[in-house]
Structures are given as C-alpha cells and as structure tokens.
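K.L.:
Structure below; questions to follow.
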Amino acid sequence: MGAIGKTKVFLWLGTIILMLAGSLAMIIYNKPLQLDGLGSKTIVGQVWFNAVLALHSIYLIGVGFELISRAYLMMVGSTCSEQRRGFLCCFVYSMSIWWKLMMILGVVSSIVLCGLTALVIVLEGFAKIKIIRLAVTDAVTLVQLFFSVICFVTSRATQKIQDEEEEALHGAKKQELQPTNSATSTPSSAPPCYIVDEKKDSASPSGESKDSEPSAIMPA
C-alpha cells in the first residue's frame, strides 16, 4: 500500500474518530445545559435541544454498529478474501455504502439543526440566547458532514479499484471451473430414423411387376 493508500486509510479512521468524539462531545456538552441559553420560548428551544440529542445519538449508534460489525468480520476473516492489504486497509474495506449513509445523515442533521438554530435566533434574538452554544453545535455537525463527503468520494473510487483486483484475481479460477467442451459438443436432438420401404407389388397378367412407390423415411 503506497502513500496515497495510507493517507486514505488514516483519513477514514480519523473521520470515524471525529464522528465518535464530536457526537459524544455534543451530547455531553448540551445535556447538562438543558434549555439554558435557548431563550424564553421553551417550545422552540426544546425542539432544538431534543434534535441535537437525537441526531448525535444516531451518529453514535451508526458508527458503533459499523465498528462492531467490522471487528466481527475481521475475526471470522471475511472482510478481505485475500489478506494482502494489511490490517487497517482490510478493516475499512468496502465502506462506501456506510459512508453514503453517514453523508445522508449529515445532510439531514445539518439542515435540521441549522434551520432550528435560525428559527431560535429569529424568534428570540441575540440578546436572549447563547450564540456560542448554537454555533459550536452546528459547526461540529457541518464538520462531520464535510469529512463524510470526502470519505465517501475517496472510498467509492478505492472500492472500485479493489473490486477490479478481486475480480482479476479470482476470474481465472472461475473460468477453469466452467466446462471447456460445451461449445464444441452438440448433442444430437434428432431421433434415429428407420426406412420404411413400402412397395406395392402386384403381378400383372404379363408376369411383369409394376413400379414401386417411393420409400418414406419415418422417425423412430
């Protein structure tokens, strides 16, 4: 694995750590504050607070489930069919679908949180809210989205190359398993035939036989 491959692997691992640390930090940071600094209108502040906890909890669940499942795949040896790439590269092999899900979650989280933040600012004004709390929470979500997009683009290109390598590696074996004489051997589909010679021999008064009718070929 070259320098570019190592850079991609550490980018993916760093993004996973960033997602875990960022979401966990936002839950720990916002949970004790409750509605403090979200203005006097408790409904809007409560919606924003619940959205932060829910979305970052989904982030934690998604990342944790992926790490556990990949650790299990590495234990049973089914993540990489040929352990040719090293442990870390095999660990993050074929993650483009997961990065796509994280990217979609990041888009949804960014739209929801930024929209709610704008609504809180419009309804409450800057004097009644703690803008730093809102800005930090939204900034972490946007950073997670940014790195998710980068990881999705790079992992999709890498997975395509790796799939081509796997196909080239195992393609020859699949070709050998196929029968080689399938194209040359043609089973006879026509049933055997026998000849029925129908002759109508009738003796003429002069002792000469008439011309016989043509033979017919009948299938067996």
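Quick reminder: no glycine exception, Cβ is built from N, Cα and C everywhere.
The feature transmembrane segment is assigned by TrEMBL to 9-29, 49-73, 107-127, 134-155. Residues or ranges marked as region 'Disordered' in TrEMBL: 168-220. For 179-192, the entry in TrEMBL reads compositional bias 'Low complexity'. Summarising the annotation, TrEMBL assigns compositional bias 'Basic and acidic residues' to 196-213.
Thinking about packing and proximity, how do these listed features fit into the structure?
P.N.:
Long-range contacts of the transmembrane segment (9-29) within the same chain, counting only residues at least 6 positions beyond its ends with a Cβ under 8 Å from a Cβ of the stretch, are 1, 52-53, 56-57, 59-60, 63-64, 66-67, 88-89, 92, 95, 102, 133, 136-137, 140-141, 143-144, 147-148, 150-151, 154-155.
Away from its own ends, the transmembrane segment (49-73) comes close to residues 16, 19-20, 22-24, 26-27, 30-31, 34-35, 38, 79, 91-92, 95, 98, 101-102, 105, 108-109, 112-113, 116, 137, 141, 144 of its chain (Cβ-Cβ under 8 Å, at least six residues beyond either end).
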K.L.:
Can you tell me which parts of the same chain pack against the transmembrane segment (134-155), counting only residues 6+ beyond its ends and a CB-CB cutoff under 8 A?
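P.N.:
Residues 8, 11-12, 14-15, 18-19, 22-23, 25-26, 29-30, 48, 52, 55, 59, 92, 95-96, 99-100, 102-103, 105-107, 109-110, 113-114, 117, 120-121.
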